[in-house]
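See below for the structure under consideration.
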Amino acid sequence: MTSSINILLLLHPTVVTDAQLVEQIKSKIYQSHNNNNNNNGGTTTTTTGTVNINLNQQIIDRVTKGIIELPYDYYDEIIYINPNNESQYREIPISLMQLIYKLLKSNGKFKGDLPLDQNLDVLMTGFIIEEEEKEKEENNLEGELVNVWVKPIPVDEPVVTLLKKKTTTSNTTTKKKSLPLFKKLNKDEINNSDKDINNDNITNNNNNNNNNKRKLVETKLTYFSSDDENSSDGSVSENDDIDDDDELIDENDLLNFNNNNNNNTNGGSLLSDKLITPRKCDISLNGGKKRKKACKDCTCGLKELEELEVSNQQNLQDQILGKLAQSATLEAIKIEERLKQQQQQQQQQKVKVKFTEEDLSEIDFTVQGKTGGCGSCALGDAFRCDGCPYLGLPPFKPGEVVKLDGFGEDI
């Protein structure tokens with residue numbers, strides 16, 4: 001029987017530039033499996049007896065970017081070659097770890113130049129970290145251990161089978177539980193039972209009503225009925241809703257009471273017991289001091305007085321602010337008038353300088369013997385001092401006449 005070992009060789013981009021290094025890496029892989037080299041196009045296949053080794057070489061950047069699609073659960077080994085010794089350049093992203101996990105078969109291994117500071121990410125991806133003895137090289141000692149990431153074999157979950165309950169036979173006979181039986185009644189029995197139920201309900205309701213009425217009489221709610229106050233035994237009459245002593249109030253009597261101002265004695269006695277007048281706030285109760293604030297539901301007029309005081313204060317403030325605004329505007333107008341007068345006076349006091357035609361025609365600044373302190377007036381502004389009379393003029397020759405045109409327009 002022939003068996004095959006599929007190996008994926010992932011190379012760092014810096015390794016691909018050296019062809020000899022790539023061939024050395026391949027030969028080491030073959031030597032580790034004790035096989036002979038036979039190159040067949042894109043993949044290298046070697047056979048020894050009944051074992052076939054398929055070696056696939058890819059650049060890791062193309063695999064991570066998805067340019068090259070590789071089959072899942074296909075490779076027995078994946079070897080990563082990275083010549084960088086620093087740990088920061090050996091870091092493998094989590095997305096690449098997950099892809100390698102999918103490419104490997106169960107119990108497949110990912111080995112080579114692996115990072116040492118990503119063990120947590122490796123375990124979270126699903127790998128198991130194992131240690132293997134590194135192959136002997138010139139710079140390495142025998143027995144040196146390196147980390148290898150192994151894809152574990154999936155464990156089959158145990159299947160729980162439901163079994164039927166065994167029936168045990170015994171000599172003792174057990175009675176089976178049966179549903180309750182209902183007996184159908186005759187018409188006479190139904191009528192008698194209904195009468196008994198109704199009689200019991202009526203007696204219970206009467207007892208409950210009597211007890212409730214007695215409790216109401218004993219509480220403070222008894223002042224609503226005058227008959228209950230006179231009864232000493234706490235019994236309640238059946239005609240509680242009808243009060244013979246209730247007095248009927250006529251609407252005309254109410255109108256007459258307001259018009260007569262208590263002159264009508266009948267109306268006054270009638271309404272004095274029925275009308276409720278609000279109690280005025282007594283200042284003397286608070287030690288002669290006025291209350292700070294009216295009640296929430298004030299009916300004595302204190303709330304209206306407070307609102308009137310607030311409105312009066314607002315009116316006073318508005319008047320004062322209006323007067324202040326008027327005075328401020330008047331002062332601003334006066335200040336503006338003063339400034340205008342000062343500007344007019346300053347313009348009148350200015351002295352105008354006038355030049356004659358002789359002064360404007362020709363001005364000779366280049367008379368020999370008349371030079372500045374620096375002695376380089378004719379050379380230009382770059383060589384003139386701060387107080388030079390020739391500043392702004394072009395270079396000239398000594399004795400040359402300089403004419404100033406349009407000098408009068410600037411005055």
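Glycine is no exception: its Cβ is also placed from the backbone N, Cα and C atoms.
The following features are taken from Swiss-Prot:
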type: BINDING; residues: Cys281, Cys295, Cys298, Cys300; note: [2Fe-2S] cluster binding site
type: BINDING; residues: Cys374, Cys377, Cys385, Cys388; note: [4Fe-4S] cluster binding site
type: COMPBIAS; residues: 199-211; note: compositional bias 'Low complexity'
type: REGION; residues: 1-192; note: region 'N-terminal SAM-like domain'
type: REGION; residues: 190-246; note: region 'Disordered'
type: REGION; residues: 193-261; note: region 'Linker'
type: REGION; residues: 281-300; note: region 'Fe-S binding site A'
type: REGION; residues: 374-388; note: region 'Fe-S binding site B'
type: MOTIF; residues: 374-377; note: motif 'Cx2C motif 1'
type: MOTIF; residues: 385-388; note: motif 'Cx2C motif 2'
From binding-site residues Cys295, Cys298, Cys300, the one whose Cα lies nearest Cys388 ([4Fe-4S] cluster binding site): Cys295
Across the motif 'Cx2C motif 1' (374-377), average pLDDT on the 0 to 100 scale: 70
Helix, strand or coil at Cys377 ([4Fe-4S] cluster binding site) [DSSP, three-state]: helix
Neighbouring C-beta atoms (10 Å sphere around the C-beta of Cys295 ([2Fe-2S] cluster binding site)): 11
Candidates Cys295, Cys298, Cys300 (binding-site residues) - the one closest to Cys377 ([4Fe-4S] cluster binding site) by CA: Cys295
Least buried by Cβ count (within 10 Å) of the binding-site residues Cys298, Cys377, Cys385: Cys385
DSSP-derived helix, strand and coil totals, residue by residue, for the motif 'Cx2C motif 2' (385-388): 0 helix, 0 strand, 4 coil
Inter-residue C-alpha distance, Cys295 ([2Fe-2S] cluster binding site) and Cys385 ([4Fe-4S] cluster binding site) (nearest angstrom): 90
Residue among the binding-site residues Cys300, Cys388 whose Cβ has the most other Cβ atoms within 10 Å: Cys388
Integer Cα-Cα distance in angstrom, Cys300 ([2Fe-2S] cluster binding site) to Cys385 ([4Fe-4S] cluster binding site): 95
Rounded inter-Cα distance in Å - Cys385 ([4Fe-4S] cluster binding site), Cys298 ([2Fe-2S] cluster binding site): 92
